[in-house]
Amino acid sequence: MFKGSCVALITPFTEDGVNYEELRKLLEWHIKNHTDAILVCGTTGEGSTMTLEEKKEVIKFSVEVVNKRVPVIAGTGTNNTKASIELSKYAEEVGADMVLIITPYYNKTSQKGLYAHFSAINDAINIPIMLYNVPSRTGMNITPLMLDKLADLNNVVAIKEASGDLSQVAKMAELCGDRIAIYSGNDDQIVPILSLGGAGVVSVLANILPEETHNICEKYFLGEVIESRNLQLKYLSLANSLFIETNPIPVKTAMNLMNFNCGPLRLPLCEMEDSNLIILEENLKANGLIK
């Protein structure tokens with residue numbers, strides 16, 4: 001387990017595949033800038049448009065480069081339970097520290113099926129599981145009562161909570177906050193979720209502000225709550241600009257503007273609208289990230 005900021009890392013692409021040279025640079029940059037954990041092949045990493053072999057290679061490569069300096073979390077969840085088990089087993093074999101398992105999307109399921117999905121994955125592996133709740137993308141919600149039940153599974157240790165509903169997060173903390181670590185899945189709610197006993201954030205913002213996102217959490221944990229809150233508010237407009245279009249379109253665009261060689265987005269993701277690009281550039285300039 002970790003406390004603090006986990007970057008939901010973008011995946012740098014070339015026209016033909018993954019840019020491993022740039023990926024290595026990004027991994028080292030995050031460790032140097034105090035990122036507390038690294039998630040690969042998640043939503044921000046465009047995992048849904050990577051091939052199975054690409055995901056396996058990125059997980060293996062990242063584990064080897066990071067070499068236990070910080071935890072590496074592998075995004076292995078899909079809407080196919082069998083496929084999720086296969087990739088989770090692979091992540092365990094190559095030394096990932098945790099897997100991130102999203103709720104089934106598109107085909108979705110019932111609450112009974114949701115429990116069966118996570119339970120089957122839990123029983124097939126021996127590695128910590130972080131659940132991922134993002135109803136806006138999946139059409140499914142892990143309710144507080146369901147989380148209370150899932151928290152009893154032996155490998156389920158955490159949840160990335162991106163419902164945006166602080167009342168729901170509070171109920172989760174009340175029911176099972178002593179058995180499961182709750183991480184904010186939204187950069188605009190880091191401090192509010194920390195105030196409910198949260199353990200940190202799985203962050204898009206950390207792709208461009210790794211140390212600052214770490215500091216929001218670190219200062220809170222040190223009891224410097226006002227300083228933590230001030231940082232949350234300082235970067236609020238920038239964080240919001242990263243969601244002006246579908247994530248990870250803005251953050252990958254931002255990183256390329258910042259002279260990281262992150263390459264293209266994969267269809268169906270595409271270049272930003274000019275009007276939104278102007279807003280993103282203004283926020284990057286305001287924070288000294290581009291000239």
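In case you wondered, yes, glycine gets a Cβ from its N, Cα and C as well.
Pulled from Swiss-Prot, these are the features on record:
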| type | residues | note |
| --- | --- | --- |
| SITE | T43 | site 'Part of a proton relay during catalysis' |
| BINDING | T44, V202 | pyruvate binding site |
| SITE | Y106 | site 'Part of a proton relay during catalysis' |
| ACT_SITE | Y132 | active site, proton donor/acceptor |
| ACT_SITE | K160 | active site, schiff-base intermediate with substrate |
Nearest recorded site to Y132 (active site, proton donor/acceptor) by CA-CA distance, among recorded positions T44, Y106, K160, V202: K160
Where T43 (site 'Part of a proton relay during catalysis') falls in three-state DSSP terms: coil
Alpha-carbon distance [the residue listed as 'active site, schiff-base intermediate with substrate'; T43 (site 'Part of a proton relay during catalysis')] in Å: 12
Three-class DSSP secondary structure - Y106 (site 'Part of a proton relay during catalysis'): coil
Between Y106 (site 'Part of a proton relay during catalysis') and T44 (pyruvate binding site): CA-CA distance (Å): 19
Between V202 (pyruvate binding site) and the residue listed as 'active site, schiff-base intermediate with substrate', the C-alpha gap once rounded to whole angstrom: 7
Integer Cα-Cα distance in angstrom, Y106 (site 'Part of a proton relay during catalysis') to K160 (active site, schiff-base intermediate with substrate): 20
Long-range Cβ environment of K160 (active site, schiff-base intermediate with substrate), under 8 Å and at least 6 residues apart: L100, M130, L131, Y132, N133, V134, Y183, S184, G185, V202
V202 (pyruvate binding site): tally of other CB atoms within 10 A of its CB: 28
Sparsest Cβ surroundings (other CB atoms within 10 Å) among the recorded positions Y106, Y132: Y106
